[in-house]
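Trainee: From TrEMBL, for reference:
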- CYS24: active site, proton acceptor (ACT_SITE)
- HIS28, HIS30: Zn(2+) binding site (BINDING)
- HIS68: active site, charge relay system (ACT_SITE)
- GLU107: active site, charge relay system (ACT_SITE)
Amino acid sequence: MDIFRIFHLQCARRLPALPASHRCSRVHGHSFEVELTVSGEVDARLGWVCDFAEIEAAWRPIHEALDHRYLNDVDRLDNPTSERLAIWLWAQLKPSLPGLSQIRVMETHDSGCIYRGEPTAS
Ligand SMILES: Nc1nc2c(c(=O)[nH]1)N=C([C@H](O)[C@H](O)COP(=O)(O)OP(=O)(O)OP(=O)(O)O)CN2
Ligand SMILES: [Zn+2]
């Protein structure tokens, strides 16, 4: 069974690997929607995979670290594409949320990425 919880982050960023002619190379803001999925068996007694509050608790320090901040200044987020943000989130969250199975990052209403912890090029 998969359960999920959705969070929101307001962040500024620029994508420094892009040419200066690309608009995303300039500082701009995003209202990110981040969906965290936790997978596991439904506990026979409790009737749930895990308490949503556990996901919330794991998220709290992430919110503190990223919300209303300039992502490029965050350690290991110097090129904060949505993909890199998802990978960064996975590294931060997996130790405290072992059942984490998927992170979905939406940077606009119609653009986003999904990461399931698979190896990446960088
Ligand atoms: N694979 C990726 N592609 C792009 C990323 C990214 O992180 N990963 N990021 C951007 C930019 O940050 C850009 O801000 C996104 O803008 P866009 O997709 O054009 O969304 P808008 O809502 O601003 O587009 P409108 O056409 O103005 O509605 C680009 N690509
Ligand atoms: Zn952008």
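First residue shown is number 1, and so on along the chain.
Glycine is treated like the rest: Cβ placed from N, Cα and C.
Note that the structure is a prediction, hence the values are computed from the model and not measured.
Give me the structural setting of these features: burial, nearby parts and distances.
Mentor: Remark: CYS24 (active site, proton acceptor) has ARG14, LEU15, LEU18 as non-local neighbours, by Cβ distance under 8 Å and separation of at least 6 in sequence.
For HIS28 (Zn(2+) binding site), other Cβ atoms within 10 Å of its Cβ number 12.
The Cβ neighbour count for HIS68 (active site, charge relay system), using a 10 Å radius and every protein chain shown, is 10.
A coil conformation is recorded for GLU107 (active site, charge relay system) in the three-state DSSP classification, outside any helix or strand. For GLU107 (active site, charge relay system), applying a Cβ distance below 8 Å and a minimum sequence separation of six or more within one chain yields HIS30, PHE32, SER82.
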Trainee: Is CYS24 (active site, proton acceptor) helix, strand or coil when read with DSSP?
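Mentor: In the DSSP reduction, CYS24 (active site, proton acceptor) maps to helix.
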